[in-house]
């Protein structure tokens, strides 16, 4: 225990804590020991189960009245949607036009594609929760983004990208969102009366579980990139420029979303929703969509910018959310 405390104090000197250190460790372990075969299936199963349980707990944490208030907050949801499907694509088009000589046509097209996919669900909501933001509104905004993205992303790809592939959208994406996210949440609402006494007793442990799911998602996503050999398809110079471009893109959207939340007069809790839901791009949704939208074409380079952006957003936003959460706890102690 004393050793753990000493390590924790050492991490804080560098602006880190156990959460950020765990994410960085997950990236390092995935780079050296990516999950393969049975291990990959096990990690995927743990991730799916963890996300479902997380949303069940979210359901128990919030009363039906809070959920209805989240649904009624249309200005907030519209703001997140505009960031996801209007501002991001505009930035993607500008980036593709300006950066093709630097990144090459394949990576530049991938940069545009990453701006067309919907927001993440689980990590966006987890970061809003960790930062003490408006979780009910985050659930509605992030889930709506994925539901809209099932239709909006293929249309944006057809309108903005050069592809002759046919687009076929079925109900599996919608059913997956419902089964893995919304259904557990609704079950949590129904079971709230019986589960709340338990969750109140183990409140701090739920926060640890919240962060633990993020760490598993980071490891699973990075493992997939390494196992598929994604990073062997570009030069070190191109990779460096791509990482820099993704960092600039994320910083720009995080800054604009924070500014928009303040200018629109949202509460601090709602500003967290705009910032964390409006700045994310979903690897879990973007990868299978790419396989369908660009069927028969090599998609390695096309999805590599999305994979890199995904890792950067998880690490940066985890650090930000943790900082926001500590500030909130200090002010309300």
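Counting begins at 1 with the first residue displayed.
Glycine too: its Cβ is placed from the backbone N, Cα and C atoms.
Looking up the ranges 15-35, 309-329 in TrEMBL, the one annotated as transmembrane segment turns out to be 15-35. With a cut-off of 8 Å on Cβ pairs spaced 6 or more residues apart, the transmembrane segment (78-99) and the transmembrane segment (111-130) reach 3 or more such pairs and are scored as touching.
Highest Cβ pair count under 8 Å relative to the transmembrane segment (208-227), across stretches 41-58, 111-130, 137-161, 239-265: 41-58. For the transmembrane segment (239-265), the neighbouring stretch richest in Cβ pairs under 8 Å, chosen from 41-58, 111-130, 137-161, is 111-130.
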